[in-house]
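Quick notes on the structure that follows.
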């Protein structure tokens, strides 16, 4: 099985909260697609609660689009990581990490403005696979956690696992 990009970086050295440009590729028509690692938690030390990350998934997708789309950028998807330490965001365009960090902080401020669980988009049996597994208060705790800390940039070059380590891990 090929080594995926997300596993070629040293998770023991990742900072959080932090933005990392995980991958950039071009479509056959020449459009740039960029994937960002939006790391909310320090891997293997912190984790977002399942109800909070689920609610954040519903809110974050819209709020990030409000703050990042435009000027050559259009978000394709924002999805939570299975490890519950962050989200992956795929988009058309190549915004720099600071632009993404600024949009992320603005989106977290928007999460704090949501006053009632009924304001969570698509929170119903028809549009959500586990519509009862939500917590606005947990999502807002996550947002506060981001806003209370400085959003940094994680560098692929600094986090790259050396070839020797990959061989040691039998990859």
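Placement of Cβ uses the backbone N, Cα and C atoms for every residue, glycine included.
Following the DSSP three-state reduction, the secondary structure of residue 58 (Fe cation binding site) is helix. Annotated Fe cation binding site per Swiss-Prot: 54, 58, 128, in sequence order, evidence recorded as sequence analysis.
Around residue 128 (Fe cation binding site), the C-beta neighbours below 8 angstroms that are at least 6 residues distant in the chain are 58, 122.
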